[in-house]
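This report concerns only the one structure given below.
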Amino acid sequence: LQLRKGRSEEVDRGSIMAREQALLSTEIVNRGVEPSGPDAGSPTFSVRVRRRLPDFLQSVNLKYVRLGYHYLISHGVYLATIPVIVLVCGAELGSLSRDELWRKVWGEATYDLATVLAFLAVLAFTISVYIMSRPRPVYLIDFACYKPADELKVSKAEFIDLARKSGKFDEDSLAFQSRLLAKSGIGDESYMPRCVFEPNANCATMKEGRAEASTAMFAALDELFDKCRVRPKDVGVLVVNCSLFNPTPSLSAMIVNHYKMRGNILSYNLGGMGCSAGVIAIDLARDMLQASGAGLAVVVSTEAVSFTWYPGKRRSMLIPNAFFRAGCAAVLLSNRRRDFHRAKYQLEHVVRTHKGADDRAFRSVYQEEDEQRIKGLSISRDLLEVGGHALKTNITTLGPLVLPFSEQLLFFAGVLFRHLFPSKTSTPPPPTTPGDASAAAPYIPDFKRAFEHFCMHAASRDVLEHLQSNLGLRDADLEASRAALHRFGNTSSSSIWYELAYLEAKGRVRRGDRVWQLAFGSGFKCNSAVWRAVRRVRRPSRSPWLDCVDQYPARMDA
């Protein structure tokens, strides 16, 4: 017995080590020629070990599958009852000939005026209650993305040069940021506010923050109101999200004051919710439209780069410097039925996931001070793993709502088998070839059968590559995300709108197409929004992509 126990413990330790090794990847980094010391003049290399995004489709929590099916059933129970009623009535009526049916309806039955009027009144009342109790659909009429002025463009080389001239960084910090930029996937035409490069100056001031935020928000809103031919006073709901810059009065109050909006507007300002706050703002605006009947809602998603800038030495806080760039998006929503004919999309689903109960997830993106009491945004090494678990939960809940029945059946059967027979589905060895997958491995749903277009949050090149491999997507599926990252950088919560603008500028959105917007951010949160195109979206006359869209995707490979 002791021998068996010892062997089982060795097997358990071996399986745990195998799972940990599967989450690790190695990278050999060439650090150049050693300048001094006993090894001066010789090339030096280092081996970097990091965690991969976990294969979240290998472990699915059954409660999230049940949650997705609960959403599906609660919103679609009538789809199951109506066919049964039609089948029963059809069978009954099909057994009668035309003459018999006519005789039963008009010949053998007797009606009086009171009976007919009562029947019509009950029918009208039932239909009215059904129509009034149904939530009105929410339409996306149009949106606008802010394109900063050309003088704010900064290349990767210019970024390092300006950062060096600012005198805020030592050479080790500059070298670290240079390596991040080289593999970030960001091109040489993204935008940065120049105040962050001013020598020996604090850029995170209220004056600079208000100037940066107002420039971006008002430019996007001016374009939105002009494109939609809507007066600011017609807007009943306003939702603004900006994670790090939260002044008093709020950003939403700045917009109300600037456009002199009406006094009974329902305004909200979301702060500290990270890059996924854009989807949260859409969800809040939808709820407010359905609850208040306000008619029109505006959602503004932006970020103040001057407040993400960190002029210190801690490497975990230097990461946002290399990735975050200036951007803003403004979206006009409506729940008025008459706006259907001019709307572009209809909101079908919003699925939100919050992992804040877990301490590692909560601290994976954390604003704090370093040893010199310099404030910055710290990015944990656990971020990829935490994001993978949040994404796993989100897509497991989203799957039953969007996947075709055949995909749902195969996926659910695999999940059920793994929970009923866990011993037969213990961690299988990784396949050596794509066709060498273990029979015990779960079925990975084909999300390409649910969506025609994908707008994944453009956080970095590594994140997009891991998403592509784990979800089984093609290069074409993430073209919009990679293009937005290359041209505009990580614009935080507005990045998913720059990606949708790219798809529209390419003329790829057809009537009936479904778009999956997925974003994740601090907390840790992962949120999805699903839109369905109600008409063919023609190439817009105003877009941040008009001067360069024909250069993509070839430009990313240059």
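Backbone N, Cα and C define each Cβ position, glycine as well.
Copied over from TrEMBL, here are the features:
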- 71-93: transmembrane segment (TRANSMEM)
- 113-132: transmembrane segment (TRANSMEM)
- 130-418: domain 'FAE' (DOMAIN)
- 265-285: transmembrane segment (TRANSMEM)
- C275: active site (ACT_SITE)
- H354: active site (ACT_SITE)
- 452-532: domain 'Beta-ketoacyl-[acyl-carrier-protein] synthase III C-terminal' (DOMAIN)
- H453: active site (ACT_SITE)
- H457: active site (ACT_SITE)
- H486: active site (ACT_SITE)
- N490: active site (ACT_SITE)
Across all the protein chains here, work out how many other Cβ atoms are within 10 Å of the Cβ of H486 (active site).
23
When the domain 'Beta-ketoacyl-[acyl-carrier-protein] synthase III C-terminal' (452-532) is classified with DSSP, how many of its residues are helical, how many are strand and how many are coil?
35 helix, 21 strand, 25 coil
Starting from the Cβ of H453 (active site), draw a 10 Å sphere and report how many other Cβ atoms land inside it.
22
In sequence order, which residues at least six apart in the same chain have a CB under 8 Å from the CB of N490 (active site)?
I186, C275, F323, F324, R325, A458, A459, S460
Judged by the number of other CB atoms within 10 angstroms, which among H354, H457 is the least packed of the active-site residues?
H354
C-alpha spacing of H486 (active site) relative to H453 (active site), in angstrom
19
Over the domain 'FAE' (130-418), what does the predicted model average in pLDDT?
92
Cβ atoms near C275 (active site) (within 10 Å, other residues, all chains):
28
Rounded distance in angstrom between the Cα atoms of H457 (active site) and H354 (active site)
17
